[in-house]
Amino acid sequence: MNFSYKNILENAYHEIQQKDNDGKIATYIPELAHVAPSKFGAHMTCLDGTSLGIGDHIEKFSIQSIAKVLSLTLAYKLVGETLWERVDVEPSGTKFDSLLLLETYKGVPRNPFINSGAIVICDILISQLDNAKEAFLHFVRDLSDLPNLTYSDKIADSEKRTGFRNVALCNFIKSLGNIKNDPDDVLDFYFDMCSLEMTCQQLSHTFMFLANDGCKVSDGKPIITVNKSKRINALMLTCGFYDESGEFAFRVGLPGKSGVGGGIVALYPDNYTIAVWSPLLNEHGNSCKAMKLLEEVTTHSEMSIF
Ligand code: DON
């Protein structure tokens, strides 16, 4: 089986690398615009210990919104089901940075993966932890087995200078009563959280706990319960790609999460995780090549949740 994964991954990679050059690099965070558009890598980690990589899979990139899954995990672990009083679990059908539905739903974001939802999650973490920035970093260091992981000041500072929409979102939610802390502190943490950098290999390794009933694979440590892990995966399937979540489920058939750095991580519970990176994005902010590669892999391996 693993031999076939290797062939499938290699065939899909070479085919897509040759043909596909659609999409645009994210420039609204100026630092992201410096990345070479030709970067393309993928890494798959299987529960049986198999680890397969191709292309630029050991080069670091900005994981951006992919980190929202990790902040949700920590907040959910800390506050349990009361979390859903602050953030809903419905697909938004809108762009990741949309303000539109906040007024309708009285400051309760539709889900934790759009920017508004992730900002509320940051607010919850600040309320729960003495030093949320440090505690979150510590949590991700443990999950990823990367003890030296740090926030990228370059990327965070770049977004802090231009993230006017996020400033608007946070202040708007504050005015509606669903941000409890100082908006400047919440945004500062949010931008740092989005600035984390990992390689495809590291990202695939980090997400293994969600393919393993909430337990780390490297040391067996329980991170979250089976039920919470199920629910986070359900949210990735229904909301992980914003207004393209239906399309991703339709084409790929796995829970996953994208980021404007061009990364996508997807997973098949009890089987594998896969991280793909190519910085050229479609109009929904999702990587064109990464989506295509994942579609090829699940179609040819017949290993999706459907
Ligand atoms: O807040 C932002 O706009 C970025 N830091 C993260 C957005 C993002 O990654 C959307 N993903 N595809």
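Any Cβ shown, glycine's included, is placed from N, Cα and C.
In TrEMBL, annotation is done automatically, which means it is predicted and not curated.
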Query raised in the report: Which of these, Val140, Val226, Val260, does TrEMBL say binds substrate at the same site as Ser65, Asn115, Glu159, Asn166, Tyr190, Tyr242?
Result: Val260
Query raised in the report: Out of Tyr190, Tyr242, Val260, which binding-site residues lie by ligand 1, with a C-beta less than 6 Å from some atom of it?
Result: Val260
Query raised in the report: Over all shown protein chains, what is the count of other CB atoms within 10 A of the CB belonging to Val260 (substrate binding site)?
Result: 25
Query - Neighbouring C-beta atoms (10 Å sphere around the C-beta of Ser65 (substrate binding site)) - result: 25
Report summary line: Widest Cα pair spacing in Å over the listed substrate contacts Ser65, Asn115, Glu159, Asn166, Tyr190, Tyr242, Val260 is 20
**Report entry** Helix, strand or coil at Val260 (substrate binding site) [DSSP, three-state]
**Finding:** coil
